[in-house]
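*Asks:* Sharing a structure here in structure tokens format.
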Ligand SMILES: Nc1ncnc2c1ncn2[C@@H]1O[C@H](COP(=O)(O)OP(=O)(O)O)[C@@H](O)[C@H]1O
Ligand SMILES: O=C(CO)[C@@H](O)[C@H](O)COP(=O)(O)O
């Protein structure tokens with residue numbers, strides 16, 4: 001019975017699950033940390049992948065493997081396969097001005113408001129997270145580096161390429177840029193890929209790549225963009241020489257952006273909405289048709305099966321809880337306990353959680369603020385509660401934005417590292433105003449990648465019907481005052 005591996009190369013770590021291809025049963029798993037920071041040398045992802053593979057008991061017996069990864073990161077390669085500069089990650093906000101400039105530029109060219117022009121072109125109004133804005137930043141701030149670009153890839157594309165045995169010539173590897181692959185879900189987050197184009201298969205918009213790099217279209221024709229591999233198509237095979245016996249010639253799946261992979265791992269269907277509390281806070285849903293939100297709150301990405309994945313993403317999620325732990329001096333369990341000891345609404349204490357600036361809404365220079373502090377609310381319990389509520393209010397705004405785009409919201413699934421917090425699980429229904437379903441703790445991005453790998457093995461029309469994990473539903477009376485108070489102060493700072 002063949003085994004498959006799924007990889008989640010996420011912001012904070014690399015996680016690998018090995019599952020039975022037929023049933024989806026978990027066989028073993030491993031993980032390794034990524035370095036901190038919003039600018040990372042991709043070599044660190046490769047190192048972490050190898051460490052995670054060893055922690056997972058090796059991958060020599062695995063028949064297929066696919067990589068889910070943090071979206072949007074800009075990996076620029078020269079003609080020798082060298083990474084030109086460290087990758088700028090999705091949560092790096094230095095390209096905020098570039099995003100604003102690109103909106104103006106496309107609007108001027110199209111003769112309509114820039115937000116409309118982008119929403120119509122690729123379903124997404126650029127913010128600093130989007131890859132195209134990072135390329136514009138590179139063209140402006142580091143023109144010499146921009147001039148050396150031979151290929152642009154995303155984190156999961158680059159890692160798949162390395163696993164397939166390609167890499168920089170300086171390391172004795174074959175720098176075959178034409179062997180770079182991606183998938184429609186991750187490509188849809190670049191800002192230069194129209195997921196709905198070419199009858200829904202998606203197509204690159206080289207004119208937008210050229211706009212980002214301040215060049216003519218003819219000048220970017222030679223830049224290699226990864227080949228977009230179809231959902232159940234093979235992207236090649238792992239090269240044993242590169243990773244010893246770690247990958248052993250496994251068939252490679254296309255891989256996916258992490259949120260699309262999570263949807264596949266959860267077995268999401270229309271009406272399901274995932275609320276993921278990782279480094280990013282993500283509210284996403286499967287949709288049969290593309291969205292184009294000119295407000296920019298919802299990005300019109302693609303899923304990993306050929307459908308769409310409208311999504312609202314905040315910069316401030318699990319790390320808000322980490323920050324609260326640091327401020328109060330407690331561990332995860334302690335923070336949860338304290339938060340649940342304070343009343344709903346924390347007696348008017350509100351945290352606006354823009355600790356890293358914010359992306360949804362687009363406020364890259366914002367900071368976090370605390371409002372309504374009184375003698376009564378000056379307790380660790382109230383602060384713990386305010387941090388949990390503030391983080392969830394940011395996600396509830398994203399959920400509203402999805403509803404405004406006509407997305408059906410029938411079931412909320414709470415996942416990601418932060419969903420392990422009992423306080424988050426219990427406060428979430430009060431804030432969202434509906435029950436939340438918590439699947440058993442797991443690596444749903446890596447699971448989705450594993451399911452994709454199994455799908456490549458079968459070659460069937462649909463992914464294998466793996467049993468989904470058991471869930472627990474958290475119900476509570478809605479506490480509308482939490483969001484009302486948050487809305488009053490959200491835009492004050
Ligand atoms: N029990 C817990 N309660 C709250 N947060 C937690 C808990 N366990 C882990 N986390 C947080 O989850 C985050 C990692 O989640 P993860 O989904 O793996 O993130 P990413 O995919 O962005 O790397 C960390 O910020 C960590 O502090
Ligand atoms: O930017 C987005 C989605 O648009 C983020 O969701 C990244 O894909 C990073 O994910 P995590 O590592 O936080 O899970």
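For all residues, glycine too, the Cβ spot is worked out from N, Cα and C.
From TrEMBL, for reference:
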ACT_SITE  258  active site, proton acceptor
BINDING   71, 72  substrate binding site
DOMAIN    4-265  domain 'Carbohydrate kinase FGGY N-terminal'
DOMAIN    274-455  domain 'Carbohydrate kinase FGGY C-terminal'
SITE      8  site 'Important for activity'
*Asks:* Give the residue from the recorded positions 8, 258 that has the most other Cβ atoms within 10 Å of its Cβ, counting over every protein chain displayed.
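*Replies:* In terms of Cβ crowding, the pick is 258.
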*Asks:* Looking at the binding-site residues 71, 72, which sits with the largest number of other Cβ atoms within 10 Å of its Cβ?
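*Replies:* Compared across 71, 72, the most Cβ atoms within 10 Å surround 71.
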*Asks:* Using DSSP reduced to three states, classify residue 258 (active site, proton acceptor) as helix, strand or coil.
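*Replies:* In three-state terms, residue 258 (active site, proton acceptor) counts as helix.
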*Asks:* Distance between residue 72 (substrate binding site) and residue 8 (site 'Important for activity') at the Cα atoms, whole Å?
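*Replies:* That comes out at 15 Å between the alpha carbons.
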*Asks:* Between the Cα atoms of residue 258 (active site, proton acceptor) and residue 71 (substrate binding site), find the distance and write it as a whole number of Å.
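*Replies:* Here the two Cα atoms lie 7 Å apart.
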*Asks:* Whole-number answer please: how many Å between the C-alpha atoms of residue 71 (substrate binding site) and residue 8 (site 'Important for activity')?
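*Replies:* Cα-Cα, rounded: 11 Å.
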*Asks:* Over the domain 'Carbohydrate kinase FGGY N-terminal' (4-265), what is the model's average pLDDT?
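*Replies:* In the predicted model, the domain 'Carbohydrate kinase FGGY N-terminal' (4-265) has a mean pLDDT of 96.
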*Asks:* Less than 6 Å between Cβ and the nearest atom of ligand 2 is the rule; apply it to the recorded positions 8, 71, 72, 258.
*Replies:* 71, 72, 258
